[in-house]
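Since the structure comes first, as C-alpha cells, the remarks are kept for the end.
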Amino acid sequence: MSDTTPLLRLDGIRKNFGAIEALKGISFDIGRGEVVALLGDNGAGKSTLVKIISGGQEPSAGRMIYEGREVSFSSPAEAKAAGIETVYQDLSLCTNVDVVANFFMGREIVKRYFGIPVLQEKEMEAATAKAISDAGTRIPSLRTNVEHLSGGQRQAIELNRFVHWGGKLVLLDEPFAALGVEQTRRGLEMIKKIAAQGIGVVIITHIMAQAFQVADRIVVIRQGIVAGDVRADDTTADKVVRMITGEALRPSPATPAEAR
Amino acid sequence: MISTRHRAVIEFVLDHLVWFILIAVVALFSFTVPSYFQIGIFANIVEQSTFVATLAIGLSLLIIAGYMDLSVESVMALAAMVIGILFAKSGVGLGLTLTPAWLIVPVSLAIALAVGAVVGASNAFFVVRLKMNAFIVTLAAYIWGRGLVVALSGGRSAQELPAELRFLAIERFLSVPLIAWVSIAATLAFAFILNKTPFGRHLLLVGGNATAAYRAGIRVDRLTATTFVLAGAIAGLAGWLLAIRTSGATANLGVGMLFQTFAAVVIGGVSLKGGVGSLTGVYAGVLLLASIQTAINLMGMPAHFTQLIQGGMVLVAVLLDTVKIAIRKKLA
C-alpha cells in the first residue's frame, strides 16, 4: 500500500493561540488506505491538529499538501468538498431534529419543482435506514429527535454518517468514547473496511489496544511536536507509552524519512 | 412499550396542541359568551390577526434560527409610513399617482418590502459581520425605526390611500378581507419553506446546533443574514397590509404589536432556545389571542383584562412546552 505521493502531507504545521503554542511544527504523511493512530496525552494538540486538517481552524504556519497540491481550507465546507470527513469528539449532531435530518445534514436530497428545491424525505429515510442497519446499529425510530437517543446511539449515527458519505480522508476524534464493547468492535472493523477501499484514516484515541488493533502507523504528539512516528508492527505498547509521557524523547531512527 | 399507532396519535396531538387549545377555547366561548358564535365574529378574528400573524412569520424564522428580532414592529410602522407618505392623498401624504392606476399595488408592495429588507440587512450587517448581539442590535432598530417614522411624518399622519389599494381591505372572500388572505398565504408559503426546503431545514439545524451545522458545511453566516433580511421584508409586508387597512399611517401605528407577536410566537410553540417551531402553530397562537380579545370585548370587560390573560397565557405556553418535552422523552 505504499503510494509514491501521500494522500496528505503535513509540513511544519504550527498553531498559536495568543502566546500559547499549541502546535510547534507538525510534519507527517498519511497514505491512501492507511490508518494512522494519533496518540498523545491530554492537551498535546491532537484535536487542534484535526481541526486544522478539517478546515475548522487555520494553521498559524506550515503547509498541507493534499493529493500533491498545497491546500488551505478556510471552512469545513471546503475540506468536505475536497473529500475530508470528520467525526468530532464533541458530537456534531443537532438534537432538535430527527435521525434522518442529521444523517443528511447539509447534503439533503432535493428535487426541484418550478426551480424550488423540495426535500425528499422518503428517499432520505430509506438511505438512512439502510446505512444504519448495514452497520448493525439499532435505533427504534429514525423519526425520533436525536435528543431522545442514548450517547451510544448518537455516536453510532455520526460514525455511520461518515461511512455512508465516504470521501478520501477520514478524521476520527475519539470516535468510540461513548460506545459499548460490541459497537466498538464493529466500529474498528468499519475503519478497516474503509481503509481497504483506499481511504486514508486518522484516528485519535486514548486506548492503546484500539490503536494497535486498527492502525498501520502510530504517530505520537507530545507538547505540540511529533514525538514518534512508527509502524504499528515495529513497536510495542510500552514504547508508545514512553513516547507519550516523554521518557524516551530522543531523535528516533524511525522518523518519517525512513518510514517512507 | 406503546404501539406505533398509539405513538403517532400522541405525536400528532403534541405537534398540533395549540390548534386543539384554539378549538377548545372557541367552543367554550361559543357556548358561554352571547353572540360569539357567528360567522361575522370569526371572520373578524381572522381579520384582526392579519398584522400580528404576518409579523410573527419573520420573528418565528429568526427565533427558530436561534436569533432575536425586536425591530419588526418599528419596521412595519416604517414601511406603512413610507407607503402613506408616497401614496396617501391628505395629511403628510404626497398623493403620487401611477398610470395605469392599478400599478400602485405592485409598486407600493415592492417599496414596502424593500424598506423592510433594508432595515433587515442593516440588522444582519451588525449581527453577522460585526458579531454584535442580535437582541441589542434589533432593540436599537426598534427604537430608531420608530424615531424615523416620527421624523419622516413630523408626528402627523397620512390619510386616504387610493381605492386601487383600499379594495384589498374592503373586498372579501368567504367573509374575510383580502389582506387577511395575504397573511394566510404568506404563512402557508413560509410554513412550506420551513418544512420542505433545504433553507428551512438548515434554519432548524442552525438553531439546534450552529457548530454542527457549520461543520456539516452549511453556510451559517449567509443563512443568518438572509433570514434577517427576510424577517425585515416580511415586516415590510405587514406594514403594507396595515397601511391599506388603516388607509394611511400614523406616527404611533402598531405600537404594542411586538409583544403580541412575541406572545403568539411562544404560544404557537416556537422555543426561544431556537431550533423548534412551526408556522402553522404560530398562526393558531395568533388566532387564539385574537379569539380571547374578541370574547373580552363582547363580554364588555375592560380592555386591560386582555393583557392580563395574554400575559398568563404566555406563561402557560412555556409551561406546556416543558410538559410536552417530558411526554416526548417517555415516547422515545
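The chain as shown is numbered from 1 upward.
Cβ coordinates are placed from backbone N, Cα and C, and glycine is handled just like the others.
Noted in TrEMBL for the protein shown:
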TRANSMEM  B:12-37  transmembrane segment
TRANSMEM  B:49-68  transmembrane segment
TRANSMEM  B:75-96  transmembrane segment
TRANSMEM  B:102-127  transmembrane segment
TRANSMEM  B:134-153  transmembrane segment
TRANSMEM  B:173-194  transmembrane segment
TRANSMEM  B:223-243  transmembrane segment
TRANSMEM  B:249-270  transmembrane segment
TRANSMEM  B:282-302  transmembrane segment
TRANSMEM  B:308-327  transmembrane segment
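Between the transmembrane segment (B:223-243) and the transmembrane segment (B:134-153) there are fewer than 3 Cβ pairs closer than 8 Å, counting only residues 6 or more apart in sequence, so the two stretches are not in contact.
Ranked by Cβ pairs under 8 Å to the transmembrane segment (B:49-68), the stretches B:75-96, B:134-153, B:308-327 are led by B:134-153. Segment contact holds for the transmembrane segment (B:308-327) and the transmembrane segment (B:249-270), given three or more CB pairs below 8 angstroms at sequence separation of 6 or more. Sequence-distant contacts of the transmembrane segment (B:173-194) (same chain, six or more residues past either end, CB-CB distance under 8 Å): 39-40, 43, 46-47, 49-51, 53-54, 57, 61, 64, 167, 200, 203-204, 234, 237-238, 241, 244-245, 278-280, 282-283.
Distant neighbours of the transmembrane segment (B:282-302): 16, 18-19, 21-22, 25-26, 29, 33-36, 41, 44-46, 48-49, 52-53, 56-57, 60, 184, 187, 260, 263-270, 309-310, 313, 317; these residues of the same chain sit at least 6 beyond its ends, with a Cβ under 8 Å from one of its Cβ atoms.
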